[in-house]
Amino acid sequence: MHRIYTFLIFISQLALGLSNNPDIPIQYELANNIMENYQKGLIPKVRKGSPINVTLSLQLYQIIQVNEPQQYLLLNAWAVERWVDQMLGWDPSEFDNETEIMARHDDIWLPDTTLYNSLEMDDSASKKLTHVKLTTLGKNQGAMVELLYPTIYKISCLLNLKYFPFDTQTCRMTFGSWSFDNSLIDYFPRTFTNGPIGLANFLENDAWSVLGTKVNREEKKYTCCPVNYTLLHYDVVIQRKPLYYVLNLIAPTAVITFISIIGFFTSVNPFTNFCNVSSSVHDLRQEKITLGITTLLSMSIMIFMVSDKMPSTSTCVPLIALFYTLMITIISVGTLAASSVIFVQKLGSIGNPPASKTMKWTHRIAPFVLIQMPLVMKQAYAKRAKEEKHRKRMSRKNSMWTKVYHLARDHSKLMETVPDGAVKFNQISDFKNNDIGNMESPRMAESQTSETFAAPMDTSFTESLHIPELNRVASSNSIQSVLKPTEIQLTPYCTRNIVELEWDWVAAVLERVFLIFFTICFLFSAIGINLYGWYIWYTENHFLF
């Protein structure tokens, strides 16, 4: 028994000597003192009904990734949590006026601050916890604990891609205690001069810009628990920089579509000389179907590039998807329209001329679409009109010779039946002055000065009239040769090519109408959609905050 008592005295003296050893740092003595009766697994709460107030502050350092298909935001931030630990406190005068001390994070109690919408369940993968800073508030008053740590938050964010790539997204981070209600732990945000989330050390992102931040404190009651839980909602408003998509996707697609429209409905020298038609409708319009199919294939590649950026959602149609849909529709319908132009042109090879109503509407529309009738077609019309005029003139001549024939026949009968005497030849003289005088015969022109007269009916009557044609028509063979119709007709090859010219002109006018129509549709679709998206992007950028 005496030996045991001696050993205890020795141990106490040794401990006292170590405590008074001036070589031991004051932090060691302070740590041993405050941790002597500390239980890090229990909440450091002394007074009942008074929760531990945790102040949370965030500083955004970098936006790492915005993943549209998987709907999450990956960012790097610096977090600071502050609270008063009532079990950690000391009198600075007892420890050489030491007011601060650094301790390991796993030596003290930490609040279970949880990011509710985190996609990473392991805190060690998102937080880098090292040390905590303890600042005493006085003996039996506790100490202010500051936990500073860098973190990478992978948060779920419901992205609204309606105006993609001119979109603005708001991603929310919800913080709170997972185990303690607000009767034990209560949360409060700490704001900065430039907003609830600090941006002083933020690194600019090439694809996104931060428009602003917001914070909202909410006390929410769950059905499982009778007491409310405190939640802090941090909203980060980011806006996409659309330059990449405009230059690499939208602009090339618009250029390809516009060039395709021009290629569909623009002909090169569609008319050549008469009776030797070689329209580009024959040669070039056949390639327009291939052009349309090739353009659609190139569009499918670009759509594949865009689809990688899109989530599989049916809630809305992104603006860029609407843009590509309209471009594909324009090219598809344009290909069908080009086929209809080819069909109209091919009607000329059948040989049937266009209907008069078709030509009438073509003549009306042509000036509005700035299509003039080709010179070769005007020459063909002029030549056909000249031949028609010549045919009518020859028809009138044949009609006059028929009158001469009947007059000569009546004259012969008159000579046989009428006795000698004076006879008036008013009809003969009138016919000479009105009809025969218009005939293109020099010999007939000699008798145009005759007037109504009376002459004896003798054998010299025909000679006194100076109308040898009356003697010529006395022969039936001569009369039949005069009455034979004389028509000047075009060769079948030339006649067919006149029809082809007409159908080519109808096709050219229809082609120009399609060109104007599809150009207007392209301008409204391409420029209109992108201007609308840019307007939304600009207004949110300047008027959101």
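Cβ atoms here come from the backbone N, Cα and C positions, even for glycine.
Straight from Swiss-Prot, the features:
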{"type": "SIGNAL", "residues": "1-19", "note": "signal peptide"}
{"type": "TOPO_DOM", "residues": "20-244", "note": "topological domain 'Extracellular'"}
{"type": "CARBOHYD", "residues": "ASN53", "note": "N-linked glycosylation site"}
{"type": "CARBOHYD", "residues": "ASN97", "note": "N-linked glycosylation site"}
{"type": "DISULFID", "residues": "CYS157-CYS171", "note": "disulfide bond"}
{"type": "DISULFID", "residues": "CYS224-CYS225", "note": "disulfide bond"}
{"type": "CARBOHYD", "residues": "ASN228", "note": "N-linked glycosylation site"}
{"type": "CARBOHYD", "residues": "ASN276", "note": "N-linked glycosylation site"}
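Here CYS224 (disulfide bond) is compared against the recorded positions ASN53, ASN97, CYS157, CYS171, and the shortest C-alpha distance is to ASN53. Of all the recorded positions in the list ASN53, ASN97, CYS157, CYS171, the shortest Cα-Cα distance to ASN228 (N-linked glycosylation site) is found for ASN53. DSSP gives ASN53 (N-linked glycosylation site) a strand state. According to DSSP, CYS171 (disulfide bond) sits within a strand segment. Annotation note: ASN97 (N-linked glycosylation site) sits in a coil segment as assigned by DSSP. If you take the Cα of CYS157 (disulfide bond) and the Cα of CYS225 (disulfide bond), they are about 27 angstrom apart, rounded to a whole number. Of the listed glycosylation sites, namely ASN53, ASN97, ASN228, the sparsest Cβ surroundings within 10 Å are found at ASN97. Of all Cβ atoms in the shown protein chains, 23 besides its own fall within 10 Å of the Cβ of CYS157 (disulfide bond).
When Cβ atoms from all protein chains are considered, those within 10 Å of CYS225 (disulfide bond) total 9, not counting its own.
Long-range neighbours of CYS171 (disulfide bond) (same chain, six or more residues apart, CB within less than 8 Å of its CB): LEU73, ILE155, CYS157, ASP235, VAL236, ILE238. Between the CA atoms of CYS225 (disulfide bond) and ASN97 (N-linked glycosylation site) there is a gap of 45 Å.
Cα of ASN97 (N-linked glycosylation site) to Cα of ASN53 (N-linked glycosylation site): a span of 27 Å.
Looking just at the topological domain 'Extracellular' (20-244), the mean pLDDT is 91. Taking the Cβ of CYS224 (disulfide bond) as centre and 10 Å as the limit, one finds 5 other Cβ atoms among all the protein chains shown.
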